[in-house]
Amino acid sequence: MAKTEYVEVEIDDISDPETSRNNYEEIDRMEVKDEEEEEEEHRNFKTRKRKCKERYICSQCGKSFKLKLGLSNHLWRHSGEKPFNCDQCGKKYTSLSNLNLHLKVHSDERPYVCSVCGKGFSRLDCCKQHQKTHDEVRDHVCCECGKSFTTAGQLKQHRIIHTGERPYKCSYCDKSFTQPGNLKSHERVHTGEKPYRCAQCGESFKYSNILNDHMRVHSGEEPLICDQCGKEFNSSSNLKKHLKVHTNERPYVCPYCGKSFAVLVSCNRHQKIHTGEKDYVCCECGKGFTTLGQLKCHQKIHTGEKPYKCSYCDRSFTLSSQQKSHERIHTGEKPYSCAQCGESFRHSNSLVNHMKKHFPPSPPS
């Protein structure tokens, strides 16, 4: 038997038929309204539930996003457009978040600090990657040469050396590069972009390492010295590259002749011997050079400029390397030692010639 539910309603005058009919109509309307509200609430719940599950999917690659804004930002990558511009250096980005990360380069904001050495970074991922250098966690190993790396990305970039692949092409000329960072650095030759600005004097530079070298002028910081041969360097990265000379580590191989190099830039410079590439031309005599540094050194022949003066006598030189080499006559310094017999030499080419005594070239077959 169905259970009967009673609704208590105040009726002003039960004796009035019209009033009674109106009251019952009001009860009916209340019941209908309650049912409509319940149905509406149920519909809203289903809509909310559906919206929670709803994802915005990229038609290009299938990647999904919780927010429509996330999909909109992602689509810029496929279009190749970079609508977010840096007002400091003109560099462009596909998303506002990437632009904000870049702006920290100009503001010198470094909120992420290495817990081991105190070095600051603008990005958390860069800080974590740096800390691995202290922990010596190098679990990504190249199967070709056995060299190990702290990240999978570093290993992937390194493998391109062995394949000879150059997937990153310059937008302004025919040159191509093994790494995206090298491409960006090269394109500044065409654009003249100088994104790294000194906070002390306002001078701008194309490359961060040149800015770091420049900052030593303001700080009065002493140069870094190689404990093997005494050679001085303006940055830790240059010293690190130089140390490979002493370890005989040569991971960069020329695809034309197989000659190996300790530093990538040396390998790239050497390859121009095979290609005949001489991008830098002297406007005085028309002579071509493979690097800007070689051109600048050459131009001093025309100007007669000799800015590097010997600390011990009146002689001056066009190149700092010539000055240092000459000063060893006064100091008696012989920084280049033979690992086989211990004999020392003033100049690296003297050591190279000496090593031929220990390792004479093989006779032609």
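In case you wondered, yes, glycine gets a Cβ from its N, Cα and C as well.
Summarising the annotation, TrEMBL assigns domain 'C2H2-type' to 56-83, 84-111, 112-139, 140-167, 168-195, 196-223, 224-251, 252-279, 280-307, 308-335, 336-363.
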Q. Counting Cβ pairs under 8 Å to the domain 'C2H2-type' (308-335), which of 56-83, 112-139, 140-167, 224-251, 252-279 comes out on top?
A. 224-251
Q: Over the domain 'C2H2-type' (140-167), work out the mean pLDDT and round it to an integer.
A: 79
